[in-house]
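A.B. asks: If you look up TrEMBL, you'll see A:18-40, A:52-72, A:84-105, A:117-139, A:169-196, A:217-240, A:277-299 marked as transmembrane segment. What TrEMBL lists as domain 'ABC transmembrane type-1' is A:81-298.
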């Protein structure tokens, strides 16, 4: 589809070879200064002795690998890593399974029912992150939270009316998990639904004539067609779920006693509460590398497909 | 089967809409009904006192103004910058084009919280901490990869012959962009501005770190600081959250059809 691909470019495009660079310049400048430079600086900070004193005096000493050694030698590292990866996986699986189920369901609903599901998705998506986190706090509030009351009524878990979900690590994570899945399903479901509507109907008709069952239809038609979109939402889910911050910070601040501290929270508290920007930087670099490792296959495929961009 | 599907859809709607319903329900309830051990499922008797309470709270209107200012500026700047870049990427072939595209893709992979520390220190060294310029630039950079990518997809769908025909007829490049490209790419611009709007309007982390002075608070920061300092005024807090969510809900409702169209267009390209 690239209009100017292939053939010799028309001569008038040669006359002003600088124009495309001019058009690109503002975007390139902002990206380089506000994303590129800080990323490079992050790496530099991680080998510096950047603390509260440097913040005021402006003089910074080199720390070599001391920050990394401190992070890698910290007794917190293991639990934080396990928590971050486990939580990310739990969020990702929850979001993708529910999102795919809803997307498949939407394709088989009547017009009105589909509009209702679409409305529910858009509503949950549109409520800003911070607002829904505060509403969540209120839903599960000890004594007055309506969901504690409802759960107590159902009675399976006993009387929960006084229960504070943030006092144990497991239930605090459950609380955050429910919130993040609730927030992220809309994007995944709508994108997958959009992908599903692109599959030509004739394939399904042919499959029906051949007498293929629903499982076979899903495996041989739906899944292969959906793969690029599925890849996209999976990778975005990994990135977002691995870096969830607001919800944990507002609901638990990483507590009780650090038991819901993930890499993002650890980075933040190390830098801004303990004023150790160097160590915080080292944790951030470790998380970027970890995320890169998790998404490497996808990034490689993207860069390779860049040949035809 | 049909009954089972409709039942599943109804259950999904009920679960997904419940928090929204409970937010609105709480916001309209009188104080005594909010803090009652047996929840009331309908906001009767009905009151708007919580909204008056929220609006009357110190800082609310001021911080709302900050949010509107920053978000508005970010949407406009991001769309203009991304549109120029997308035009360059789809209408010209030049050395470095592919490199730029790959850079845009890879930058999108960077986890946002990792940028907080170096951005904080960089903005501090150029004296842009506590300024709307610093915060706005941060948001523009955060949304640019996505907006460039999306607008590029839309521009690719517009046949270049339309522009060439106009240029043969003597139109300048500026006229072509204004009169032909812009109207055709409008759905794409709407879809991308939704994204820019939501990112800037909803951000808590960067606003929290960059705007240390209370006069620079945006609404998310106000909401959170309000919830921890006064603690228990859930009526006011939930009413404020509702007001905060309202512009986004309205915006989404207005562009809903375009948004889903835009996602469908994006989905084909994977």
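Just so it is clear, glycine is given a Cβ too, placed from its N, Cα and C backbone atoms.
A TrEMBL annotation is a machine prediction, not a hand-curated record.
I'd like to know what surrounds each of these features in this structure.
C.D. replies: Within the same chain, residues 117, 121, 173, 176-177, 180-181, 184-185, 187-190, 192-193, 195-196, 222, 230, 233-234, 237-238, 241-242, 244, 262-264, 287 sit at least 6 positions outside the transmembrane segment (A:84-105) and bring their C-beta atoms closer than 8 Å to a C-beta of that stretch.
Same-chain residues lying 6+ beyond the ends of the transmembrane segment (A:117-139) with a Cβ under 8 Å from its Cβ atoms: 102, 105-106, 109, 145-147, 175, 178-179, 182-183, 185-187, 189-190, 246-247, 250-251.
Beyond the transmembrane segment (A:217-240), the same-chain residues lying 6 or more positions past its ends with a Cβ under 8 Å from any Cβ of the stretch are 88, 91-92, 95-96, 99-100, 104, 184, 187-188, 191-192, 194-196, 198-199, 203-204, 207, 291, 294-295, 298.
Tertiary neighbourhood of the transmembrane segment (A:277-299): same-chain residues 42-43, 45-51, 54-55, 63, 66-68, 70-71, 81, 84, 231, 235, 238-239, 242-243, 263-264, 266-268, 270-271, selected by CB-CB distance under 8 Å and a gap of 6+ residues from either end.
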